[in-house]
Amino acid sequence: MAAPVMDTCHVSCCANRAPNVVSWGRGGLIAFGTCNSVAIYNPEEIRVVDLLNKHTGRVNAVQWVHEPDCSPENQLISGGSDNNVIVWEKLDGKFRACAVCSGHSGPVCAVDAVSLSSSHLLVASASSDSTVKLWTYSSDAAECLQTVAFGSGFMMDVSLALLPGSRVPVLACGGDDSRVHLYVQLSGQFQRVLTLTGHEDWVRGVEWANKDGELWLASCSQDCLIRVWRLFAKTAAEPDLQTDGIIKMKENIFQVSGEEFAVTLETVLAGHENWVYGIHWQPPSVKGDSVEQSLKLLSASMDKTMILWGPEEDSGMWVEMVRVGEVGGNTLGFYGCQMSPDGSMILAHAFHGALHLWHHDSNQEWRPSVVISGHFNAVQDMSWDPEGEFIITVGSDQTTRLFTPWTRKGSSQITWHEISRPQIHGYDMQCLTMVGRFQFVSGADEKVLRVFKAPRNFVENFAHISGTSLEKLLGCNDIADLPEGASTPALGLSNKAVFQGDLASPSPQQDGGDFNSLSDQYKESYFQPLKLAEPPTEDDLLQNTLWPEVQKLYGHGFEMFCLASDCARTVVASACKASKAEHASILLWSTASWKQLQSLSCHSLTITQMAFSPNGQLLLAVSRDRTWSLWRRGNPDLDTEAMFSLYANTSKDTSVHTRIIWSCDWSADNKYFVTSSRDKKVIIWGHAVSGVAVGEGEDARVTSCSSVLDVGDSATAVSICPFLCSDHSYLLAVGLENGQILLYKWKPLEDLSSESDWSRCKDTDACQGHTMVVKRLRWRPRLGRGGHGGQDSKEEQAWVQLASAGADHVVKIFDINLSAL
């Protein structure tokens with residue numbers, strides 16, 4: 001079998017901010033909504049194995065369709081803010097959208113489904129249009145069976161089951177009227193048979209479980225309580241005894257086809273201190289020829305805890321068995337919870353999208369486990385470190401995140417993980433650039449640039465997790481005077497360095513004295529050094545992996561928009577948003593003194609992206625004014641830094657682009673640069689004289705060297721691979737506004753009229769691409785795949801890696817086989 005041209009190596013993402021967005025299947029796979037996609041995540045391999053793209057709005061609800069025999073599921077239901085419900089089915093090992101249920105007039109917030117037969121599904125969906133719709137699905141077709149209207153009320157969750165001893169479906173709905181409504185299908189239509197009262201605030205979750213011929217219904221509410229109800233069939237011979245001294249719970253009775261069913265309140269569980277958003281029964285398991293349901297109930301709350309409840313064996317009284325949760329940070333609590341098929345792992349997803357996983361170890365203790373993480377808003381920019389061993393990303397979720405491959409001892413498995421969150425800011429992040437291996441500059445929706453440098457604790461942990469030699473890292477980076485870590489003051493935005501002395505200072509209690517000042521009781525530093533052998537948990541990422549801020553750079557009048565640094569890491573260029581020429585200047589900064597070197601003025605509107613040439617002699621800038629400018633470094637005097645002067649530029653009359661130019665990049669040999677624009681055009685520029693690096697010929701004019709490539713959609717990102725293909729052509733990646741990534745090969749030709757200089761190599765398929773704008777594309781600066789250094793070097797020479805960042809909150813890394821192009 002031929003090697004694939006493009007393979008997805010890593011997907012970084014997190015769960016959407018919705019209560020019903022995560023579902024753990026009997027096959028061990030976790031499905032969750034991330035922006036407009038449904039991610040299929042394997043917790044054993046710790047990686048996303050598939051992304052299902054069909055929704056055009058945020059995915060709010062995901063639910064596996066469980067098989068009666070507890071076998072791995074082949075069907076999945078999702079609902080989104082595009083008002084649609086989609087039925088996914090696994091065919092030939094891949095999930096595909098088999099039916100789109102359209103009919104709601106508002107976002108879908110909850111879904112559930114039950115198998116009526118091997119080929120028929122009953123699907124329920126709740127929406128903010130104040131209705132619950134019932135759908136039937138069979139043979140790749142779905143139709144609306146019934147719409148249940150709730151007037152001005154909203155149903156927050158729905159759950160379907162089959163009545164004991166029958167194939168009659170029963171529907172539970174929990175909503176903002178603080179009640180749980182039960183509907184049963186009678187004569188083909190669902191009719192309300194009972195309303196269960198007791199909750200004193202919105203009901204956030206409902207779920208059925210089937211045990212020993214009885215149905216158990218759990219409901220959770222914003223009143224911080226959980227109620228467990230029991231539904232059973234009443235037998236005709238059952239006596240109605242009124243025994244003195246015995247308290248009997250009230251029975252709510254309804255009839256279906258002449259048979260009586262009763263619902264009683266089994267227990268009320270109080271233990272959470274904030275709204276309870278999610279509940280989940282432990283999945284049933286197969287024991288011999290029968291299916292057994294355990295009465296263990298998991299709950300998740302905004303108080304940052306999950307509780308596992310269950311009845312005591314002796315008394316039958318429901319008690320709290322396990323409580324786990326998140327400590328520290330300024331985050332809100334949990335939105336939902338799930339349990340693995342065998343009950344050995346429990347999962348929560350938090351307000352900011354983070355997944356929290358605990359496993360039951362051999363000592364019967366619950367321990368945190370490694371899980372994927374990602375941005376919970378648009379990813380705006382990213383950069384590889386100069387050695388290609390990690391990437392740093394920034395996003396509109398106000399965080400900067402660092403990802404690296406995790407190399408396990410004695411295992412060939414390599415997965416990428418977030419190992420540091422250098423910056424947690426108060427403004428949406430916009431741009432960054434690396435300045436050396438362990439230093440970067442970032443810009444946000446503020447006028448200030450901030451410079452960060454890695455602490456000693458990060459360098460040590462990076463070496464342990466990535467399998468890199470610590471001695472090698474120490475050799476390239478003088479860490480003798482580096483701080484241990486960083487922490488953020490309670491009311492501050494700047495990460496303050498924490499040194500060894502700050503950690504070692506004894507507390508007053510240790511000296512036997514009393515507190516003598518407020519500073520003893522309320523310390524500025526919350527940092528604790530970590531010695532990591534595996535990627536950190538969300539708690540540690542929030543609190544113990546910050547990088548100290550070493551400098552602030554002032555000079556811009558508006559919010560930052562783009563950054564670039566030269567290959568020698570001596571100069572940083574920055575630009576901000578601008579609607580006038582006076583603000584559309586490029587500021588150059590010295591990385592030695594962090595002083596402003598120069599201001600370069602040419603453009604009249606926002607500069608959207610900049611790139612230094614690989615030899616560091618030229619600076620390219622593209623702008624919203626539809627033009628580009630090229631600046632050349634002069635020869636430095638003995639006492640002054642080299643100054644940049646305008647070398648070439650296009651005007652509105654000479655520019656080939658007719659809309660905003662979004663992106664630009666250089667070829668590794670300095671001979672060409674590329675621009676991409678909203679007008680769907682990608683153009684390569686250089687000297688008409690073949691083989692001359694841009695800027696070397698005094699009389700040579702910079703002109704377009706390629707035919708105009710029309711990519712069919714707004715080209716929002718472009719990047720040239722630093723390595724040539726086997727036929728000595730240049731490899732380019734182009735990111736589009738619709739989320740697709742295209743690979744092209746380009747070869748300089750004398751005759752451009754035939755457009756044969758471009759050849760299309762590969763397009764991302766429906767699962768590989770993004771679902772929203774591609775914001776940034778970056779090639780790894782070295783051949784090979786990150787973390788595969790120990791493999792046969794000749795084999796690795798055939799591979800390059802491409803990282804992409806999208807407005808769909810996702811960061812992806814692709815393995816691209818140069819020999820297969």
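Yeah, the Cβs are placed from backbone N, Cα and C, and that goes for glycine too.
Pulled from Swiss-Prot:
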type: REPEAT; residues: 14-53; note: repeat 'WD 1'
type: REPEAT; residues: 54-98; note: repeat 'WD 2'
type: REPEAT; residues: 151-193; note: repeat 'WD 4'
type: REPEAT; residues: 198-239; note: repeat 'WD 5'
type: REPEAT; residues: 271-319; note: repeat 'WD 6'
type: REPEAT; residues: 329-368; note: repeat 'WD 7'
type: REPEAT; residues: 374-413; note: repeat 'WD 8'
type: REPEAT; residues: 424-462; note: repeat 'WD 9'
type: REPEAT; residues: 602-641; note: repeat 'WD 10'
type: REPEAT; residues: 656-695; note: repeat 'WD 11'
type: REPEAT; residues: 715-754; note: repeat 'WD 12'
type: REPEAT; residues: 769-821; note: repeat 'WD 13'
- Quick one: do the repeat 'WD 6' (271-319) and the repeat 'WD 10' (602-641) have at least 3 Cβ pairs under 8 Å, skipping pairs fewer than 6 apart in sequence? no
- Tertiary contacts of the repeat 'WD 12' (715-754), defined by C-beta under 8 angstroms and 6+ residue spacing from its ends, are 5-6, 614, 662-668, 672, 674-678, 680-682, 684, 690, 705-707, 709, 760-764, 768-779, 781, 783, 800, 802, 804, 806, 808, 814, 816, 818-819, 821
- Given the repeat 'WD 5' (198-239), its same-chain partners at Cβ distance under 8 Å and 6+ residues beyond its ends are 19-20, 156-165, 170, 172-176, 178-180, 253, 259-270, 272-281, 284, 293, 295, 297, 299, 301, 309, 318, 336
- Where among 14-53, 151-193, 329-368, 374-413, 769-821 do we find the most Cβ pairs under 8 Å to the repeat 'WD 9' (424-462)? 374-413
- Helix, strand and coil totals (DSSP H, G, I; E, B; other) for the repeat 'WD 8' (374-413): 0 helix, 20 strand, 20 coil
- Message: Which residues of the chain, 6 or more past the ends of the repeat 'WD 7' (329-368), have a CB below 8 A from one of its CBs?
- Response: 14-28, 30, 32, 34, 43, 70, 205, 274, 277-283, 285, 294, 296, 298-306, 308, 322, 374, 376, 397, 537-539, 542-543, 809
- Would you list the DSSP helix, strand and coil counts for the residues of the repeat 'WD 5' (198-239)? 0 helix, 26 strand, 16 coil
- Query: Over the repeat 'WD 12' (715-754), what does the predicted model average in pLDDT?
  - Reply: 92
